[in-house]
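Annotated domain 'TECR-like N-terminal' per TrEMBL: 37-113, in sequence order. What TrEMBL lists as transmembrane segment is 118-140, 189-207, 227-248, 268-283, 289-309. Annotated domain '3-oxo-5-alpha-steroid 4-dehydrogenase C-terminal' per TrEMBL: 188-341, in sequence order.
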Amino acid sequence: MHCVDLKSLFTVAQFIKARCDHGLKAGTSVNKNYVFFEVEILDLKNKAQLCYLDKVEPNATIAEIKTLLHKIYPKFYPSRQALKLHPEGKALSDDDVLEDLPVGTTATMFFQDLGPQLGWTMVFLAECLGPLFIYLLFYYRLPYIYGFEYDYTRSPFKVVKLACWCHSLHYIKRLVETIFIHRFSDGTLPLRTIMMLCLYYWGFAAWQAYYINHPLYTPPTYGRLQIYAALVMFLVCEFGNFSVHLILNRISCNGSRPKEIPYPTNNPFTWLFFFVSCPNYTYEVGSWISFTVMTQCVPVGVFAFLGLIQMTIWARAKHKTYTEQFKDYPDLRTAIIPLFF
């Protein structure tokens, strides 16, 4: 009968104890329910496979999948990508989680190239700089605009000079707000959309300036009373708009969603918050209506009307966000027009 070597047994026991101290205990097993996903990304146009992502975490977001695709195709940075579950479907949000989507463990997504993108700061700068300089070209009556006999001449009417000052003030204010006050998300806009926006703002600035600075332009019907009453209202709306933007700058946000309800301060220009959710839009529309009354110019009126429609859409969407997110949101507030909508 062989004797057991006690020294060897002791060595084995010490080894087992050391391994257990490091966490390798008997009976421990890996979670077998944890499964990785496989993501196939196809080109939206020709359905060709762009890449096949293996072992993707189930809690990965669409934003993370875009980042993985960007590493394979550096040209397609995340903001340039749109990923869809169906070629004709809606683009997935960056916050969507892979395991929450109606897909199996092998997901097929369709990639759409949104084209070159620019950030919101550049968008606002382009929108504002164009109208500011375009209007001045007509105000100083540069050659080839009206006729050679009017080159570098000025209108004799005071309202034309005031209109130039007001128009310039409005866009200079917007430039200052864009650079120093507004906080923009990381979102972007396609270059072709930016070109359409610039065409809209620059085109309207040229249309307005052409008629207001035209040699045949005539002052408003009710003269000084109409001009200066509208001027006062314009300045009130501009300062009110600026005051509201200062308040909104202090509101903490989660992306584009506010974390708190904006309230008025001791500044009386902010008291419009008692009645509307978006007083900045109310003041903006008021500025353009005042400018329309002051100049009595149809192109300005058309621009103000279209602005009212667009800002009402934005304001109602913002108002809906506030009411859904905050249960104690003030009942008196409407979207943009006090007590109406």
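In case you wondered, yes, glycine gets a Cβ from its N, Cα and C as well.
Heads up, TrEMBL stuff is auto-annotated, nobody curated it.
Pairs of Cβ atoms less than 8 Å apart link the transmembrane segment (189-207) most often to 118-140, out of 118-140, 227-248, 268-283, 289-309. Nonlocal intrachain contacts for the transmembrane segment (227-248), taken as residues 6+ away from its ends with a CB within less than 8 angstroms of a stretch CB, comprise 158-159, 162, 166, 169-170, 173, 177, 181-182, 219-220, 262, 264-265, 267, 269-270, 272-273, 279-280, 283-284, 286-287, 290-291, 293-294. If you take every residue in the domain '3-oxo-5-alpha-steroid 4-dehydrogenase C-terminal' (188-341) and average the pLDDT, you get 95. For the domain 'TECR-like N-terminal' (37-113), residue counts in helix, strand and coil come to 17 helix, 29 strand, 31 coil, using DSSP.
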